[in-house]
């Protein structure tokens, strides 16, 4: 193959056109139209943003380690860290890693496509993100609250705290940052939908697609339908702040609760956007290391479709405390609990996939099993919070923080690490150190559980969220939680060392290091795959 490619290159030079030439050096990445290079840039970006977001969370836990103000003597800065940590982890870590990174890398490979449908649009989808991230970081250095820098309104940006409460320009920077991140995701969503519907290899019907591709398809539909609503909401906030409109200002006939409705109509689909690609990755990994096909493939695919659909009609369960009618609350309680059904289908299908399988506990598999266990814990506390009467007491306490961190910090992040170790040999051609990867898992597992399990107790005791200080009664579990965050931080260092170690030792991985269980198309290609794959489309039986 190399010979024919070289001969073709000589021939093309004679004619002054070489379809196979691609830019090298920095141009290869800055001008990239290659889904693998763009996916790699997304993953590197996600790691950088993730380290920054994790550093902020460790600063938050360092502050809360003891009662009294420890390090945030300008107490507004504590809320800036809370806000930035949330926005960074959601928009610049989880989404770029799962959708931009693994999605770009493996959707074309898994459906037998040569690339994405719109390669140049793919490029700007990525490059909008560093600009967006830059704007968010800039917001922390300009005035927000009077006499203090940065946005301290929480990632939810509730008015009036984000309007009259932040007269400085910081919130405007954050709004423009979110606009760019949203534009990036909408363009990416259009690209994925077009690619998955139009570029599948012959024989690759929708019902033969790998579940990871299904998960990305559902996810990008959620993005396409929910992000424009967020864009509308934050544009209205921008005009309320700068151009005299009163969408959310009661003195002009507006309603601050309208902002919450618009925000959460985006925000609830968003949390499913964060977890659905993880579901897809876990399905591939559990199947691979159990050496058998996923149990209930069609049920798994349509469970994700159902989760995506119902996810759009439950948004006000974030708003039980704003004074909705009992009938409205009753509807949102019931609708929210219905989501537990397709989610349960997925949990039990993963367990059924492992049942009777020839299981091999390599690093990706232990991350996946950890995901299933911890995501289930997070799901159970979610069913608790779905009850409006219970939520009245637990709303804005650490019980809510514990709930969503169990599905995100111990759910989505575990899925990302599972996917990282699963596909790292395919992306790089190098094998990681199994011992380091397992050490990374166990240190992280112990750390994150120490951080977030005690927060359920704090919430049940009534400790509210987003406060820099707290009564002495809450000191014990906060100390445990903060120690856990340092352990988790050490886990991140093990991860970074594991990556450096793999690139230093360069142990060749082979085309398929996982054996007979790995049945999707990417394992038929070399590791790493060629710059252009599937120039002759594969045929799927």
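Cβ atoms here come from the backbone N, Cα and C positions, even for glycine.
Record features (Swiss-Prot):
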- 40-60: transmembrane segment (TRANSMEM)
- 85, 405: Fe(II)-heme a binding site (BINDING)
- 87-107: transmembrane segment (TRANSMEM)
- 124-144: transmembrane segment (TRANSMEM)
- 173-193: transmembrane segment (TRANSMEM)
- 211-231: transmembrane segment (TRANSMEM)
- 262-282: transmembrane segment (TRANSMEM)
- 268, 272, 317, 318: Cu cation binding site (BINDING)
- 294-314: transmembrane segment (TRANSMEM)
- 332-352: transmembrane segment (TRANSMEM)
- 365-385: transmembrane segment (TRANSMEM)
- 403: heme a3 binding site (BINDING)
- 404-424: transmembrane segment (TRANSMEM)
- 441-461: transmembrane segment (TRANSMEM)
- 483-503: transmembrane segment (TRANSMEM)
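Taking the Cβ of residue 318 (Cu cation binding site) as centre and 10 Å as the limit, one finds 22 other Cβ atoms among all the protein chains shown. Sequence-distant neighbours of the transmembrane segment (40-60) (same chain, 6+ residues past either end, Cβ-Cβ under 8 Å): 29, 32, 71, 78, 81-82, 84-85, 88-89, 92-94, 96-97, 100-102, 104-105, 126, 129-130, 133, 427, 485-486, 488-489, 492, 496.
Ranked by the number of CB pairs under 8 Å to the transmembrane segment (294-314), the listed stretches 173-193, 262-282, 483-503 are led by 262-282. Of the chain residues outside the Cu cation site list 268, 272, 317, 318, 264, 267, 269, 271, 311, 314, 315, 336 have their Cβ within 8 Å of the site's Cβ mean position.
The stretch with the most CB contacts under 8 Å to the transmembrane segment (441-461), chosen from 87-107, 332-352, 365-385, 404-424, 483-503, is 483-503. Between the transmembrane segment (87-107) and the transmembrane segment (262-282) there are 3 or more Cβ pairs closer than 8 Å, counting only residues 6 or more apart in sequence, so the two stretches are in contact. For the transmembrane segment (404-424), the partner stretch with the most Cβ pairs below 8 Å, chosen from 173-193, 262-282, 332-352, is 262-282. Counting same-chain residues at least six beyond the ends of the transmembrane segment (365-385), those with a Cβ under 8 angstroms from any Cβ of the stretch are 275, 278, 282, 285-286, 288-289, 317, 336-337, 340, 343, 347, 350-351, 354, 359, 391, 394, 399-400, 402-407, 410-411, 414-415, 417-418, 421, 438, 441, 445, 448-449, 456. Comparing residue 85 (Fe(II)-heme a binding site) with residue 403 (heme a3 binding site), their Cα atoms are 17 Å apart once rounded.
When Cβ-Cβ distances under 8 Å to the transmembrane segment (211-231) are tallied for each of 173-193, 332-352, 483-503, the top count falls to 173-193.
Taking Cβ pairs closer than 8 Å, the transmembrane segment (332-352) reaches residues 279, 282-283, 286, 294-296, 299-300, 302-304, 306-307, 310-311, 313-314, 316-317, 320, 324, 372, 375-376, 379, 382-383, 386-388 in its own chain, all 6 or more past its ends. Calculated from their C-alpha atoms, the gap between residue 272 (Cu cation binding site) and residue 403 (heme a3 binding site) amounts to 14 Å.
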